[in-house]
Amino acid sequence: MLAGVPEPHAMTISTVDAQGAPRARVLIVKAIDEDGWHFAASSVSQKGRDLSSHPVAALTFHWPAVVRQVRVVGTVVDDGAQASAADFLGRPIGSRAMALTLRQSQPLADAAEIDAELDKAHRKLADNPELTPVEWVSYSVRPTQVEFWQGSPDRKHLRLSYQRTDDGWERTRLWP
């Protein structure tokens with residue numbers, strides 16, 4: 001994506017929970033295509049619950065090494081079972097095992113619980129290598145607005161905003 005930028009595919013995804021409180025976390029964008037910006041998560045995780053109650057999100061890519069940022073705002077849709085399974089099965093075994101525990105962000109009373117749950121998950125995967133939890137969802141953000149920001153030492157930063165219209169995209173240059 002960007003030469004010399006560590007983890008250029010890392011993005012901050014911002015959602016709102018059922019009570020309207022904002023939440024943000026860093027995820028990996030898996031693909032960008034005409035359908036949107038794709039990522040995957042458990043539907044029972046906090047972000048999955050947020051997206052279930054409010055299917056909108058803002059994505060922020062920040063690359064300080066090249067003084068650039070991209071912001072994306074849009075509606076979030078489920079890419080479907082086939083895309084979700086393909087994403088899950090394409091992940092490393094350790095990632096799949098952790099996802100199978102379905103325990104992300106839950107309180108952890110004893111660190112030994114992690115090992116026990118992971119052992120169970122690894123056994124499930126050994127018995128059924130194609131196992132894909134129904135809770136694993138590939139999502140896409142269908143953009144309604146995209147903004148590109150290029151920093152400048154003289155503070156005359158270049159900001160270009162693209163707003164989706166019925167006819168395509170409308171471009172507006174914004175004040176820094």
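Using the three backbone atoms N, Cα and C, a Cβ is placed for every residue, glycine included.
Note: TrEMBL annotation is automatic and uncurated.
The structure displayed is predicted, hence computed values, not measured ones.
Feature annotation from TrEMBL assigns FMN binding site to R25, V26, L27, I28, V29, K30, K47, Q69, Q104, S105, W149, R159. Non-local contacts of L27 (FMN binding site) by the CB criterion (under 8 A, 6+ apart in sequence, same chain) comprise A10, M11, I13, F39, A41, K47. In three-state terms derived from DSSP, L27 (FMN binding site) belongs to an extended strand segment.
Residues annotated as domain 'Pyridoxamine 5'-phosphate oxidase N-terminal' in TrEMBL: 3-119.
According to TrEMBL, the domain 'Pyridoxine 5'-phosphate oxidase dimerisation C-terminal' annotation covers 136-176. Within the chain, the domain 'Pyridoxine 5'-phosphate oxidase dimerisation C-terminal' (136-176) has long-range Cβ neighbours (under 8 A, six or more residues past its boundaries) at 30, 35-43, 48, 51, 57, 59, 67-80, 83-88, 99.
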Quick tally, other C-beta within 10 angstroms, R25, K47; top of the binding-site residues is K47
The record lists R25, V26, L27, I28, V29, K30, K47, Q69, Q104, S105, W149, R159 as binding FMN. What's the largest Cα to Cα distance among them, in Å, rounded to a whole number? 37
Neighbourhood of Q104 (FMN binding site), C-beta criterion under 8 angstroms, separation at least six: S42, S45, Q46
